[in-house]
Amino acid sequence: MPTVDDVLEQVGEFGWFQKQAFLLLCLISASLAPIYVGIVFLGFTPGHYCQNPGVAELSQRCGWSQAEELNYTVPGLGPSDEASFLSQCMRYEVDWNQSTLDCVDPLSSLVANRSQLPLGPCEHGWVYDTPGSSIVTEFNLVCGDAWKVDLFQSCVNLGFFLGSLVVGYIADRFGRKLCLLVTTLVTSVSGVLTAVAPDYTSMLLFRLLQGMVSKGSWVSGYTLITEFVGSGYRRTTAILYQMAFTVGLVGLAGVAYAIPDWRWLQLAVSLPTFLFLLYYWFVPESPRWLLSQKRTTRAVRIMEQIAQKNGKVPPADLKMLCLEEDASEKRSPSFADLFRTPNLRKHTVILMYLWFSCAVLYQGLIMHVGATGANLYLDFFYSSLVEFPAAFIILVTIDRIGRIYPIAASNLVTGAACLLMIFIPHELHWLNVTLACLGRMGATIVLQMVCLVNAELYPTFIRNLGMMVCSALCDLGGIFTPFMVFRLMEVWQALPLILFGVLGLTAGAMTLLLPETKGVALPETIEEAENLGRRKSKAKENTIYLQVQTGKSSST
């Protein structure tokens, strides 16, 4: 009886049908970018200082320039008007409406030295140095409330983590297509609700809801496209699908530049996603999932449609279509199996660390660019472009060099780039951007390749469990990253870079402790997984190597 892969070899592994589905689903991949890293623009913190009643009137009466107004009325400004905690979060406790104040150094008429003036917190809000708006300027998320910006982004990653526990079940129980449509609808609605949220708390809840479903939408699209194409195209298709996310990053920089108001920006990236609901008529259900649910008639009908669109004749035995069974998957997996043997324990711990560190490095470098860049939009744009050569490097090296050395080298490069950035003066901004781009490229390579290695190191019956548990550390890393970046920068601006450097270098060294899996048969049992790197299993090598190329993580 023919399997889906057997039929695809005859009706087209990547024909017109697959190309059309691929392009449509890539739009979903691109739409995740504003959700994943939109904090860079939505949560942009401009220069700010306390608003003082009477200062504007005094400035107008005296004819001060903005620089003179700041110099006379704002405490703690450096020699070059550099921002500090005092200048941004404290104010002179002075009645600026009193008529005795002079226009030339007005505070000198009150005290001989400004340092003798009492200071107090900003009680009347802030003045922001920006023509646009962000959640920071609208809800005054600065000074004592600055941590709420971190929480805004952490809620997205918390949503990713919670959603992964539910969405995978929905996709396996009710189908990839239904899961895609439902999560897309909720993602779109929650995105619009975020844009119109009346207060910070409701905005936070809508953002959490969006995180819970948006990654599920992305994964559903990933699973569908990898199940539509033949085995020879799955790996390349999966990498290109992830590249579509990079296209979304590049486009986000342009959209954010054109729309500096955060509410309109949020609407601009949310409203178009309602069009994905039209996929109900253009993207069919996965034949593989239908076969797993014993719905053979509908699976056969879809395979006939694929053959027709590809201009091929379906095989005569198509009605006997079946799903290839894997006897090893009849064994029930448990969390303890991930730590049952010495090598499995080692692999699990290392993979958890790799997932955690690559999430921190990838998101952390994006946020660091947003917080320190001279030109937010250009710096974000340039650092996003480097993800394209990163994908090319993966395609070139994955079968020629392997997995372990590229992952280790990429981690080491990222860590070294972060540490070098500490010693680069601000005047050499181009060099800082170059190093940030180099680190971003390394983090991108790791993020994409660790997914494949994770699937190749576990035996079949715990492969999906291993993928789910280890990749959960990616979402946990994302939860902590905003606090690591923004709160540590308040202590010392270079402190996050030191942390990133240590994480990257440690991850690079730990990666070398993993066995190379290039060309090695996918392990079927715990014994085979335990012996990876010691000897190559010859059994089923030809057929299982095809599974290695598919990246079975797509089913998680």
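Counting begins at 1 with the first residue displayed.
Glycine is treated like the rest: Cβ placed from N, Cα and C.
The topological domain 'Cytoplasmic' annotation in Swiss-Prot covers 1-21, 172-177, 232-238, 285-348, 399-403, 453-465, 515-556. Annotation source Swiss-Prot lists transmembrane segment at 22-42, 151-171, 178-198, 212-231, 239-259, 264-284, 349-369, 378-398, 404-424, 430-452, 466-486, 494-514. Residues or ranges marked as N-linked glycosylation site in Swiss-Prot: Asn71. Swiss-Prot lists 284-288 with the feature motif 'Proline-rich sequence', giving similarity to another entry as the kind of evidence. What Swiss-Prot lists as phosphothreonine is Thr543.
By the Cβ criterion (under 8 Å, sequence separation of 6 or more), the transmembrane segment (349-369) is in contact with the transmembrane segment (430-452), since 3+ such pairs are found. Note: the stretches the transmembrane segment (22-42) and the transmembrane segment (404-424) are not in contact (fewer than 3 CB pairs below 8 A, sequence gap of 6 or more). Here the topological domain 'Cytoplasmic' (285-348) returns a mean pLDDT of 80 for the predicted model. Take the transmembrane segment (378-398) and the stretches 151-171, 212-231, 239-259, 404-424, 430-452: counting Cβ pairs under 8 Å, 430-452 has the most. In this chain, the transmembrane segment (494-514) lies in contact with the transmembrane segment (404-424); the count of Cβ pairs under 8 Å, excluding pairs fewer than 6 apart in sequence, is at least 3. Secondary structure of the topological domain 'Cytoplasmic' (232-238) per DSSP (helix as H, G, I; strand as E, B; remaining residues coil): 7 helix, 0 strand, 0 coil. According to DSSP, the secondary structure content of the topological domain 'Cytoplasmic' (285-348) in residues is 39 helix, 0 strand, 25 coil.
Secondary structure by DSSP for the topological domain 'Cytoplasmic' (399-403): 0 helix, 0 strand, 5 coil.
Taking the Cβ of the residue listed as 'N-linked glycosylation site' as centre and 10 Å as the limit, one finds 13 other Cβ atoms among all the protein chains shown.
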